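Notes to accompany the following structure.
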């Protein structure tokens, strides 16, 4: 027993997505392509918003922040997953594992708060349009973004503290492709029931509370659309439907993973891939393909680039 107490786990071993090398090669090709497109799509949205004056509004300010968070969120897990797909023994040091779960929760929580803020922005714009410029001025937008990063940091520090305070002296096999609080605390050499409940109560409460706030906001918006003109309804529905698609893609996996006790399901890896790889890839597609202003701005930016290139040559 004393020897066990003196032994500290220095690395964790991932089981990964599969042990079939053919599937690993296929996954590597698919996810590396997806990751590159995720970076390209989100950077394109950020550049388009920055260099298009008419998009300097609260809605697009928040959208550019969402693109930045999606880049960071996917970059926490995907590069390590791609590396692991090419290695027979998939390991990560204890310190890097803790860093990975810290940033995973930071960016995930920041995105949850940002999506909630974006729903509030649409609520003010559609339900109280005369007060929109006063309520959602740029100073308020910057304060809200600061608040979401502060909230995400506090949440992530709490999750990290709950994880590192436990002793790790025995098993070091993680049945996943990245470090997350539920999968890591299972390996602790002590009873983790209370810690698990604290993790669920924290992450689960944030996910559910923000999700209910989002549902309430969009319900009120949809009810208020009956008073709008046909053109107003069409434009509002187009914007809100894009937001709702992003909300469903992100909140569904989060609620599935973080609002239940310490139990594992065969779908966990699929759900994890969905919200760490697929959702950041789909977000720029949803906002660019369904938003005429963004598509027009991208086209205009491309024309300016072509004109500048020809002028230089």
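Residue positions begin at 1 at the first shown residue.
Cβ atoms here come from the backbone N, Cα and C positions, even for glycine.
Keep in mind that TrEMBL annotations are predicted by a computer and have not been checked by a curator.
Here TrEMBL gives transmembrane segment for one range in the set 270-289, 290-309: that range is 270-289. Of the candidate ranges 140-157, 237-258, 270-289, 140-157 contributes the most Cβ pairs within a distance under 8 Å of the transmembrane segment (98-120).
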